[in-house]
Ligand SMILES: Nc1ncnc2c1ncn2[C@@H]1O[C@H](COP(=O)(O)OP(=O)(O)OP(=O)(O)O)[C@@H](O)[C@H]1O
Ligand SMILES: [Mg+2]
């Protein structure tokens, strides 16, 4: 009966019902559409980053500086201390499906004495890298890097950019010069052969400019030498390693690969300049500087499959002498992911404002309708209706109204998302492309947004009816007489 | 034992900085089954008395007893329950719930509290009441589809739905023409006889007063005359109960 009265009152006062209803439906629609789009963005971003770039976990060394994953413009963290132990430990963990180490840096690219611009470089271990991210770096020419073989896979976007601005074509098989600056060995120049050109799918912005290079070339550029990195891996201190040459068999990937085959292009000034006179006759110090630390890695990317991160990383802290930080894709994506999450926060703040406005409008409308119906409420009270009955009457009315139009809003939002999914939401500019992780976004209905909106609507209904209800409860039965 | 009783009841309303003494010490007793008219000129305090009898307003001083129960000091919940169980109301402007049809309006008071009746018994009782007030053909009509007289008939049926001991009606015919008014008063009188329900109604219409078997005349917040007519006490014409 209460529901019958509530329902008929809603029909009776159609204008008010529609005012509140449209407001509620719009709010819910915005909530559903906005959160669905943004959740699709973050989901897509997560999938894209986890599958293409970061894996589930990024293990790195602690650092006093704010460090970045991309090797774009932020600082690079120190190499992981005790890398071999960390890697061995993680590979023993049940949940770990795959892992691969990574180095990042930027270098200036030049060819035939012409500087062509900056390249973002990822130093990889080809064997594990292409096993963990199979087919993610899509070749347009040439072939992938092989273990122990120096070389670079240039980013297609970089190649295009260089051709556009300098008219220089970078082709597979040619040699390019990379020059990097670091605090250990100063400016370093390395000659490296272009093995392939390619791109990551769905990448945009900085990710588009990533080129993959063999690890030792990058170590040389960044000064990750045995002395410079303060770790003493067995291979690096072995002077025999520097005698190895390009023709030596290199089954064990870049572990065996060393500094010797690099062209002697060092022009290191300043801090890292070694006084050869002082140490003449004893080449161990010099070798220490020149020999690269084969175990120096900035990051260890871990693919967990379905395993929970905590179970895998829990024991990392107990590894002796290590200072590890475990990050996830969000950290790896850096500003782009922050942007998406910030947008979601902004959206929800906007919705909160809408909700407050909605509550105010609904509240006022309800107070008016309670005031208009004071005679009716008084009559009910006079006839023996308890306060609880009046409260239920109003709450039922408000909740019926808000939930009904909440559903309309959900349907409207769901339909819009469905249409957008079919048509696709085009990314009109680079900013959106970065955000969408591609030229078109096909948003999916967010189930959590549905829950949130239903709860939000119920809360709005209850909150908005508090004051009108208290007004109604204050109506004296004498009001029945005052008509 | 009196079913309703006022003992030296005073009621003052605040009016700006001053007070209006609406009742200045009113006492009377009403017996079960009486058909009582509270009569008096405008502003004399009729409505005030009915509001106090109906437990929808409280006295400034004095006692209000309903069914032997002293009503001052009862909680809102208790007094609401008392209203539901003992009292029925007929309003000057009918006060039907606009979104409910005739049957639902009559049924409504039964839904405000516990009822010992089964669903079928309820429906039968409500149909009986609707028949009794002559609206059998209007059961599914909404109030705005009825005439004033018909609406007041619905209100009478509704007031009787919970089988109350007392039905209160403050000028139930004030919004009706004289012919219709007569019909409504006759109906109330008939219900009073058939169901032995006490009816207390206020009016300033002399024709209507004459139907009552107990008349309480009010003037200026005081009882002017309180008498029972021959109808209630056969053999005693215009017997004075008090003066
Ligand atoms: N809520 C109130 N506030 C102030 N004064 C009131 C209030 N209700 C009634 N009064 C005053 O109390 C006195 C009695 O009023 P009451 O309504 O009981 O008279 P009545 O006999 O019902 O008159 P009527 O025939 O016009 O309905 C009047 O002087 C009236 O002005
Ligand atoms: Mg009056």
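Cβ coordinates come from backbone N, Cα and C, glycine included.
Those TrEMBL annotations? Automatic predictions, nothing curated.
Check TrEMBL against the ranges A:208-228, A:229-249, A:250-270 and you find region 'Disordered' recorded for A:229-249. Of the recorded ranges A:389-412, A:418-436, A:448-467, the transmembrane segment (A:346-368) has the largest number of C-beta contacts under 8 angstroms with A:448-467. Per-class residue totals from DSSP over the domain 'ABC3 transporter permease C-terminal' (A:349-476), listed helix then strand then coil: 104 helix, 4 strand, 20 coil.
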